[in-house]
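Feature list (source: TrEMBL):
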{"type": "DOMAIN", "residues": "18-138", "note": "domain 'MTTase N-terminal'"}
{"type": "BINDING", "residues": "Cys27, Cys63, Cys101", "note": "[4Fe-4S] cluster 1 binding site"}
{"type": "DOMAIN", "residues": "165-397", "note": "domain 'Radical SAM core'"}
{"type": "BINDING", "residues": "Cys179, Cys183, Cys186", "note": "[4Fe-4S] cluster 2 binding site"}
{"type": "DOMAIN", "residues": "400-462", "note": "domain 'TRAM'"}
Amino acid sequence: MSDTRQATISPTERAGSRKVFIKTYGCQMNVYDSQRMGDALATGGYVATEAMEDADLVLLNTCHIREKAAEKIYSELGRIRVMKAERAAMGKDTRVAVAGCVAQAEGREIIARAPIVDLVIGPQTYHRLPDALLRVDKGERVVETDYAVEDKFEHLPKAGKREISARGVTAFLTVQEGCDKFCTFCVVPYTRGAEVSRPLAQILDEARRLADAGVREATLLGQNVNAWHGEDAAGRPIGLGGLLYALAEIPGLDRLRYTTSHPRDMDDELIAAHRDLPELMPYLHLPVQSGSDTILKAMNRRHTGDDYLRLIERIRTARPDIALSGDFIVGFPGESDKDFEATMRLIEAVGYASAFSFKYSPRPGTPGAELPGHVDEAVKAERLARLQDLLRCQQQAFSESLVGKSLSVLVDKPGRRPGQIVGRSPYLQPVVMDENAGTVGDVVTVEIAGAVANSLIAVGASDARSALTGGPVAA
Ligand code: SAH
Ligand code: SF4
Ligand code: F3S
C-alpha cells in the first residue's frame, strides 16, 4: 500500500472542472469527513455537483453499523453501474470511489462484488485521496485501508472562509476518533480503529476559523467524544470538560454541543462544564442501549442500569433543564421479556427528550454475532414498536412542556413556506418562526406557541401549523 503523503494535483494535471458527487451515509462523523474530502478534492480541481449523472467522480461515504446500512451501498452501486454505462455511451468517463466504514470493513471485497468501483478508501487515509485518484487515472484499482501513521488532520487541507460560510451557521468539528470500548454488538472499533484525540491547539485553530467564517454553533464529534483528552497550554492533562471551557472563550462561538458520549467517560469536569458554561447547550446524547444488567454485561458496556440512573441524577443536579437523548438496541442475543421490561422501566425513569432505537443486527466479526440465544425477528419488531411508542410519548411530552416558554433560538435557515424562518432551540428541536424574528446567524428569543411532530412553533409564525401537519419541517 502506498505510504505517500497528501499529493495535490498540479494545475497542468487539472482536468478543468471535473465534477464530484458525494453521497453520505451514517453518522455525523461521516458528514464531517465528506466535507473534508470535498475540501481535499477541491484542491485537486474538482467542483461539487448535486446531480449524480453529471459527476465525473461518484464518492459514496458509507456506514457499516447495521446490515441494512451496508446493503444499501450495494444497491446504490447497482444504480451507479447503469448510470456509468449511460455516461460511457455519451463518451464520458465515470470514476467510482467507496469511502467510510464499509470501505474499511470490506476492503477489496467491494471491488469483487461491484467491479465498477475504482477506489476503496478507509476513514484513516482520506488525506491520501488526491494521490489515490491520480493512481486511478493511471489505470490502477486502488484499495487504501491501512491505518495511516501520519496525522490525517494535519495533512487534510483546511476549508477556506467561503466554503465554511457556505455550509451555514452551524458546523461539526471532529475532536476524537475511534473507539477502545468494544461493545460486543458494534463494528466501530474495527472500522474506525483505536481512540485518538486531536491536540487542543489543532482544535482551537479550527474552531477559530469556523467562528471567523460566521459559524455560531459548533458540535464536537467523536465516536466516544467524552473520552477526548489532551493538555492545556501549561501542559496539564484535561478532558472534554477542559476543552469546552477553552472553546467557550472564542468570540462568536455562541453555542457548543458534543456527541456521542459513553456513560463511563462522563467525568466531574464535564458535568461541571454543564453547570458553568452558558455556551454549552442543555442537551446530552448519552446512549445506554439496555436497562437490563444481564444484557449490559453481555454487551460489555461495563456499567449497570443503576450506574446510569445515578449519573443522570448528577447531571441533572448540575443542569436541571438538560434534555436527554439516548440510543437503544432491542433483541440483543439472550434478551428475555424480563430484560426488555427492564429497558422500558429505565426509559420511564429517565424521561427522554429524544432517542434512537434499533433492532439488534448481528455484525460479522463482532463477539455478539457469535452469542447463543438470537432473538426472533418478529419479537424484535414487537419490542421495538412498544419501545418507540413510549419514546414518542416522552418526546411529545417534552415538546409540549415548552409551550408558553421563551427560548433562545439560533436562526439557521429559511423555512419551507414563504414568510417563515427556522432555527434551533437549545434542546436541538427545529423552531419555525416568522421571518421578521431575525436573520440567519442571529440568536433570538421567541415564545413557543405549539409543538408538532419534531418541531416547535414560535408565536407569530404565520400559517406554521398547517405547514407542519403535511410533513417534517426541517428541510
Ligand atoms: N459511540 C456511540 C455509538 C455509535 S453507533 C456510543 O457508544 O453510544 C450508534 C448506535 O447504533 C449505537 O449507540 C447503537 O444503539 C446502534 N448500534 C450499533 N451497533 C448496532 C448493531 N449491531 N445492531 C443494532 N444497533 C446497533
Ligand atoms: Fe460502538 Fe460501544 Fe464504541 Fe460506541 S462505545 S462506538 S457502541 S463499541
Ligand atoms: Fe456508521 Fe461508521 Fe458512523 S459504521 S455510524 S459511519 S462510525
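The chain as shown is numbered from 1 upward.
Glycine is treated like the rest: Cβ placed from N, Cα and C.
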Discussion item. Which binding-site residues from the set Cys27, Cys63, Cys101, Cys179, Cys183, Cys186 have a C-beta atom lying less than 6 Å away from ligand 3?
Written reply: Cys27, Cys63, Cys101
Worksheet item: Could you count the residues of the domain 'MTTase N-terminal' (18-138) that DSSP puts in helix, in strand and in coil?
Response: 69 helix, 24 strand, 28 coil
Fill in: Densest Cβ neighbourhood among Cys101, Cys186 (binding-site residues), 10 Å radius
Cys101
Response to the item:
Checking the binding-site residues Cys27, Cys63, Cys179, Cys183 for other Cβ atoms within 10 Å of each Cβ, the smallest tally belongs to Cys27
Worksheet item: Excluding Cys27, Cys63, Cys101, which residues of the same chain place their Cβ within 8 Å of the centroid of the Cβ atoms of the recorded [4Fe-4S] cluster 1 site?
Response: Tyr25, Gly26, Met29, Asn30, Thr62, His64, Ile65, Ala69, Gly100, Thr191
Practice prompt. Out of the binding-site residues Cys179, Cys183, Cys186, give me the one sitting nearest to Cys63 ([4Fe-4S] cluster 1 binding site) by CA distance.
Written response: Cys186
Worksheet item: Cβ within 8 Å of the [4Fe-4S] cluster 2 site's Cβ centroid: which residues qualify beyond Cys179, Cys183, Cys186?
Response: Lys181, Phe182, Phe185, Val187, Val188, Pro189, Gln223
Worksheet item: Per DSSP, how many helix, strand and coil residues does the domain 'TRAM' (400-462) have?
Response: 5 helix, 33 strand, 25 coil
Discussion item. Distance check, please: Cα of Cys27 ([4Fe-4S] cluster 1 binding site) against Cα of Cys186 ([4Fe-4S] cluster 2 binding site), rounded to an integer number of angstrom.
Written reply: 14
Discussion item. Can you tell me which of these binding-site residues sit near ligand 1, meaning the Cβ is under 6 Å from at least one of its atoms: Cys63, Cys101, Cys186?
Written reply: Cys186
Discussion item. Out of Cys27, Cys63, Cys101, Cys179, Cys183, Cys186, which binding-site residues have CB atoms lying under 6 Å from ligand 2?
Written reply: Cys179, Cys183, Cys186
Discussion item. Give me the CA-CA distance between Cys183 ([4Fe-4S] cluster 2 binding site) and Cys101 ([4Fe-4S] cluster 1 binding site), in Å, as a whole number.
Written reply: 17
Item to complete: Do me a favour and check the Cα-Cα span between Cys101 ([4Fe-4S] cluster 1 binding site) and Cys186 ([4Fe-4S] cluster 2 binding site); whole Å is fine.
Response: 12
